[in-house]
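Here's the structure, in structure tokens; my notes come after.
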Amino acid sequence: MNTNDAKEYLARRDIPQLFESLLNGLMCSKPEDPIEYLETCLQKVKELGGCDKVKWDTFVSQEKKTLPPLNGGQSRRSFLRNVMPENSNFPYRRYDRLPPIHQFSIESDTDLSETAELIEEYEVFDPTRPRPKIILVIGGPGSGKGTQSLKIAERYGFQYISVGELLRKKIHSASSNRKWSLIAKIITNGELAPQETTITEIKQKLMQIPDEEGIVIDGFPRDVAQALSFEDQICTPDLVVFLACANQRLKERLQKRAEQQGRPDDNLKATQRRLVNFKQNAAPLVKYFQEKGLIVTFDADRDEDAVFHDISVAVDSKLFPNKEAPMDSSDLDPSMMFDAGEIIDTGSDYDNQDDDQLNVFGEDTEGGFMEDLRKCKIIFLMGGPGSGKGTQCEKLAEKYGFTHLSTGELLRQELTSESERSKLIRDIMERGDLVPSGVVLELLKEAMVASLGNTKGFLIDGYPREVKQGEEFGRRIGDPHLVICMDCSADTMTNRLLQRSQSSQRGEDGAKSIAKRLEAYHRASIPVVTYYERKTQLRKVNAEGTPEQVFLQLCTAIDSVF
């Protein structure tokens, strides 16, 4: 093969155009692994239909397309001159000047027809009117974004927008359009739709509903670049709801949805790719919104009604903080403010954590710590207020080398911090609502992990308060090895608490609080006791005697198990 044959082959196969596109992508993206990057690009070339479908900016991300040409635009021409055949009659395409950017028509149910460029210049919201509240709902594929978004919209009378559905409808209605045919291939392969196209569709939809008081947007943004574009072209959201769910659970839900609905992007290959994209993008996206104080994280690996209850509490707190509180916060006892069975992960202060440690899937970021935690001795010590739990826990912890954890104390400690979680708890309590038990469970888990290596076990006082709390503890951490119920009459507990209240000068307020707490305890404790009796983990101890007598009974119960 002579030189001209080689040049003719390169030109006929559009190899210069392919190489230029790959080089531009490498220079703009600067990947850590260029080999893997090139393999991914070549796979996309196949999916697009060959080298002739590739343009100079095919592998340049949207936000990087404004770079000036190298060497005044001459490098491209010199590159082509060196590889093109010398025969002037050879029919090759010249690219001395880039072709014009086509303006794609945007169609809608209201027969709106404008170019993408004009859409970008529009003010989405009327500046003379109050802007609607914007809630973004994000999470992995299959995390329940659509379900929860619809519930939020229905509860608050907001408009619901599914970005995925917007794109699917557009693809269906514009199937003959080359641009949307390419986007359909991208989505079917599990990749993200082009950023500017997606933003344009969202803006168009928002302009069709100017009178809404609030809007819930499901499935956007997917990465930080999209978040920045949304804020730049539309607005800063009022709240971002992040649904964290275990990776395996996401796969199971997607498989089930594929069987039921047959969505093209729920095929196995696309599902795997979407999960990879989510894992790569979620941590920095969550951290970005967290630094702006906009995001609340929820454990979505639960019943959808329980998840929605927690979301409602957060939305009320963040967007409607002026609702009248049923009780004054000074009347509230933090240890009694747990809402059994309702679990919320409000997130943590991630400022001091690496991105790869962020719990974006609802999985245990402590890794091996959780396995060690499940091997530890765990004892629940139940008893009403005034039964002597606190006193006995201190003595037992000293004797056996256990770590004593009080759920009420953990909650009070959290309230003294300045974390986003503490602010949410304080808002909930000031309104007189129940603190979701997921908050308490997360506090317990954090405290237990922090004590690993320095303890022989955990003695947990005041938990669980209802059966669902115990079930959730068992699922996420592990079942206790022993549950001790300190059996004490209401009269004895009342007398002890009254003596304590007199020493602290609480007077009649103390008496009112005592009656309320005892009533709540008796109402909740019976099913819990029955639950652990059936699991043969329960030991009852008579707590009517002196502290010494009760302590001996407790030691006997513990020694019989360990």
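Every residue, even glycine, has its Cβ placed from backbone N, Cα and C.
Listed features, source Swiss-Prot:
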type    : residues                                                                                       : note
BINDING : Gly142, Ser143, Gly144, Lys145, Gly146, Thr147, Arg257                                         : ATP 1 binding site
BINDING : Arg168, Glu191, Leu192, Ala193, Gly219, Phe220, Pro221, Arg222, Gln226, Arg263, Arg274         : AMP 1 binding site
BINDING : Gly386, Ser387, Gly388, Lys389, Gly390, Thr391, Arg500, Gly545                                 : ATP 2 binding site
BINDING : Thr407, Arg412, Asp433, Leu434, Val435, Gly462, Tyr463, Pro464, Arg465, Gln469, Arg506, Arg517 : AMP 2 binding site
REGION  : 133-316                                                                                        : region 'Adenylate kinase 1'
REGION  : 162-193                                                                                        : region 'NMP 1'
REGION  : 256-266                                                                                        : region 'LID 1'
REGION  : 377-559                                                                                        : region 'Adenylate kinase 2'
REGION  : 406-435                                                                                        : region 'NMP 2'
REGION  : 499-509                                                                                        : region 'LID 2'
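All features noted in Swiss-Prot, drawn onto the structure.
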residue : record             : DSSP (3 states)
Gly142  : ATP 1 binding site : coil
Gly219  : AMP 1 binding site : coil
Gln226  : AMP 1 binding site : helix
Arg257  : ATP 1 binding site : helix
Lys389  : ATP 2 binding site : helix
Val435  : AMP 2 binding site : strand
Tyr463  : AMP 2 binding site : coil
Could you state the CA-to-CA distance between Gly146 (ATP 1 binding site) and Gly386 (ATP 2 binding site) to the nearest Å?
47
List, in sequence order, the same-chain residues at least six positions removed whose CB sits under 8 Å from that of Gly142 (ATP 1 binding site)?
Cys245, Arg249, Leu250, Lys251, Glu252, Arg253, Leu254, Arg257
What subset of the binding-site residues Thr147, Thr391, Val435, Tyr463, Arg500 lies within 10 angstroms of Gly219 (AMP 1 binding site), using C-alpha positions?
none
Across the region 'NMP 2' (406-435), average pLDDT on the 0 to 100 scale:
77
Could you name the residues, excluding Gly142, Ser143, Gly144, Lys145, Gly146, Thr147, Arg257, of the same chain that surround the ATP 1 site, i.e. Cβ within 8 Å of the Cβ centre of those residues, in sequence order?
Gly139, Pro141, Gln148, Leu243, Arg253, Ala300
Using Cα positions only, nearest of the binding-site residues to Gly390 (ATP 2 binding site) (Lys145, Pro221, Thr407, Val435):
Thr407
From binding-site residues Ser143, Gly144, Arg168, Arg274, Val435, the one whose Cα lies nearest Ser387 (ATP 2 binding site):
Val435
Gln226, Gly388, Arg500, Gly545 filtered to the binding-site residues whose C-alpha is within 10 Å of Gly144 (ATP 1 binding site):
none
I'd like to know which of these binding-site residues, Gly146, Gly219, Pro221, is least surrounded, judged by other CB atoms within 10 A.
Gly146
Spatially, which candidate from the binding-site residues Arg168, Pro221, Tyr463 is nearest to Arg500 (ATP 2 binding site), comparing Cα atoms?
Tyr463
Across all the protein chains here, work out how many other Cβ atoms are within 10 Å of the Cβ of Thr147 (ATP 1 binding site).
16
Cα-to-Cα gap, Gly388 (ATP 2 binding site) vs Arg465 (AMP 2 binding site), nearest whole Å:
17
Fewest other CB within 10 angstroms, which one of the binding-site residues Gly386, Gly545?
Gly545
Could you tell me the C-alpha distance between Thr407 (AMP 2 binding site) and Lys389 (ATP 2 binding site) in angstrom, no decimals?
12
Among the binding-site residues Thr147, Arg168, Arg274, Tyr463, whose Cα is within 10 A of the Cα of Gly386 (ATP 2 binding site)?
none
Between C-alpha atoms, which of these binding-site residues comes nearest to Gln226 (AMP 1 binding site): Lys145, Thr391, Val435, Arg465, Gly545?
Lys145
